[in-house]
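Shown next, in structure tokens, is the structure this report addresses.
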């Protein structure tokens, strides 16, 4: 599959699907629709838990996938954006996370196979791995900036469970998406590698990994403060096949950041922006900008995020079809050491002496040294 996808990426611009939540909202579902027969006596309200519909209304999810595929999407995302035990804890459904991911991938795979057979054009399933509703880099409490309500290890456990369900259900690609905190994404990427190292999943070790960040405003930074270049450096160790941006911004605002990321990586570039302003012209604007991305040689995969529909995706697919895909640069920083915190640090043969981590030097402060020795890392920070 990886060889097939990469061969296609070299030939043409591929197309992602659009918003799942947008299509589900259009169904006007009520509480009983989310409950189905399996959760009729569940103690918590389930309305709004879109991922659960893969279990309780699988036919509706199948039809949404099929609509995007028939509109011209090469990839459809599984209905698993909130498919971790961490996110599902809000609904007291942690015990059903594996089933939720497995069924979501299975439904998407069936739709992809059905449309592949009907059209003769191969379609693929991207297992959606969302950011969760917690963050490693930002405190949920203004009064306690050192406090975190989740640990890296807890995220790894949750992402591992999700990954197993997505793989067992038939995902062709694993997509770590809507990354507002790169530390969360690194937990997801670590979990994926841990799962692929398990004997059961060893045949899948070559599965493509796509990584997509989210720039929250025109400053060009993620919610946790990273620039696009720093984000690229932070996740490059995972050797993603595709790297790019989605959500938060519309296509117009996203363009300069896509260009920066493209200049900084030899991975293929993916971009699936929001629909933009909810007005009559939104579709035409999103389509024209995606077409401009394509004509400028900036992208390899385009699609839509929040607010987009099969109508958007059909128009985007038609608009980018005449354009050639971006050619990734060959080793854009050859001979350089690339490091990043909130910003990139490119160290080359002409760079002067560089101090790294000097603020965490135990030799510089007895108090700091004692805190580290006693394992009081939060106080040390």
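Every residue gets a Cβ built from N, Cα and C, even glycine.
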Which of 247, 360 belongs with 305, 306 in the Zn(2+) site listed by TrEMBL: 247
Listed binding-site residues (247, 305, 306), ranked by Cβ neighbours within 10 Å, top entry: 305
The domain 'Hcy-binding' (2-320) [mean pLDDT, rounded to integer]: 92
